[in-house]
Amino acid sequence: MCDVVLGSQWGDEGKGKLVDILCDDIDVCARCAGGNNAGHTIVVDGKKFDFHMLPSGLVNPKCQNLVGSGVVIHVPSFFEELKNIEEKGLHCRDRLKVSSRAHLVFDFHQRTDKLKEAELSENKKSIGTTGKGIGPTYSTKASRSGIRVHHLVNSNPEAWNEFKTRYMRLVESRQKRYGEFDYDYEAELAKYEKYREELRPFVVDSVEFMHEAIAQKKKILVEGANALMLDIDFGTYPYVTSSSTGIGGVLTGLGIPPKTIRNIYGVVKAYTTRVGEGPFPTEQLNSVGETLQDVGAEYGVTTGRKRRCGWLDLVVLKYSTLINGYTSLNITKLDVLDKFKEIQVGIAYKLNGKELKSFPEDLIDLGNVEVVYKTLPGWEQDITKIKKYEDLPENAKNYLKYIEDFLGVPIQWVGTGPARDSMLEKKI
């Protein structure tokens with residue numbers, strides 16, 4: 001059976017830490033969507049490992065790891081990330097697999113990603129993309145002109161010529177759209193001729209791989225990327241990523257049926273953050289937001305950008321819970337709220353004086369909502385040294401209980417600091 005870890009807000013909730021803890025007792029860790037446009041750090045024996053595209057299960061020497069079909073892969077970044085991990089003493093090549101059906105991100109995807117963003121910026125409609133080429137790659141995938149891993153690694157004598165033909169079609173279509181931009185496609189092709197040999201040992205039929213693991217009753221953990229509010233269908237479109245970041249993306253990205261899913265863990269930051277552009281109803285453009293940013297060290301692992309900060313938004317979380325069906329929650333960074341005398345929580349939206357029954361799909365409406373807040377008392381004490389849930393201050397437990405009751409989902413873990421052991425488990 002499969003357990004799944006998903007982000008419930010706009011990303012950066014701290015999924016990696018929970019995955020790291022759960023990885024101690026699993027046989028397979030799989031990534032199902034996204035690319036190297038997100039990241040997190042795991043500390044093992046004092047060494048920091050930065051993960052962007054590769055599964056976090058690589059830190060467990062007994063765990064097999066899969067980059068699934070729904071992931072888009074920039075091969076140079078794949079090997080760079082692998083090299084950085086190996087240089088710190090983590091030998092994992094024999095435990096890392098790549099789906100033959102995953103699509104490839106090329107350098108020209110990244111160039112056109114930045115050109116597109118520059119165009120949008122001129123019209124003040126910037127998305128806030130990471131510039132990693134993720135959107136353009138999913139675009140070519142959807143238009144059925146993309147290039148998949150099997151196109152690159154196929155050992156048939158005719159395969160390399162077919163790969164070059166597909167590649168040049170993509171380059172030419174970008175040149176028609178953006179003109180002759182500074183890009184050496186011949187040099188990139190030469191690199192990929194070498195990569196095809198280097199990548200081939202990692203490549204598997206991921207459907208066969210996953211279903212063999214399921215049949216053998218292996219313990220499988222699926223590591224979600226980004227978060228529900230960045231989902232291409234259910235997020236704050238168009239300020240979203242280009243893949244399905246919810247539970248649906250797990251099934252389509254790995255080729256597994258719903259009946260194989262056992263637990264769905266929703267990771268929730270104790271307040272709300274967002275990187276880049278897009279609506280953010282509970283954002284605090286004041287000293288509250290600055291405090292959350294400073295105390296929470298809210299800077300992106302991948303981009304280094306400051307994260308926008310605000311109060312916890314239970315309207316967002318209720319919507320996220322409806323779609324993903326969380327079986328339990330991990331509340332992270334509760335300690336960041338330690339110094340607040342009072343803590344506010346968004347519990348409803350009003351538009352033109354009327355309370356909305358559901359999360360608005362239209363950004364004009366979302367930008368004009370009035371947030372209804374519930375004010376809860378803070379605990380005003382350091383909780384970072386606490387090792388048992390029962391020892392948390394009463395007001396901290398009341399804050400968590402309010403979240404549980406509002407969402408109808410039990411909280412199973414509470415993060416009280418950055419260290420791996422700063423995670424309290426609560427009986428459910």
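Glycine is no exception: its Cβ is also placed from the backbone N, Cα and C atoms.
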Out of T112, T241, T291, T321, Swiss-Prot lists as part of the IMP site with D12, E13, G14, K15, N37, A38, G39, H40, T130, R144, N226, R305 the residue T241
What remains of the binding-site residues D12, G304, K306, L334 once a 10 Å Cα-Cα cut-off to N37 (IMP binding site) is applied is none
Report, in whole Å, the straight Cα-to-Cα distance of T130 (IMP binding site) from G39 (Mg(2+) binding site).
-> 11
In this structure, which of the binding-site residues G11, G14, G39, G304 has the fewest other Cβ atoms within 10 Å of its Cβ?
-> G304
Distance from R307 (substrate binding site) back to L334 (GTP binding site), taken between C-alpha atoms, in Å = 17
Should D12 (Mg(2+) binding site) be counted as helix, strand, or coil on the basis of DSSP?
-> coil
Take the Cβ of D12 (Mg(2+) binding site) and count every other Cβ within 10 Å, whichever protein chain it belongs to.
-> 27
Spatial hits near G14 (GTP binding site) (Cα distance within 10 Å) out of the recorded positions H40, G304, K306, R307 come to H40
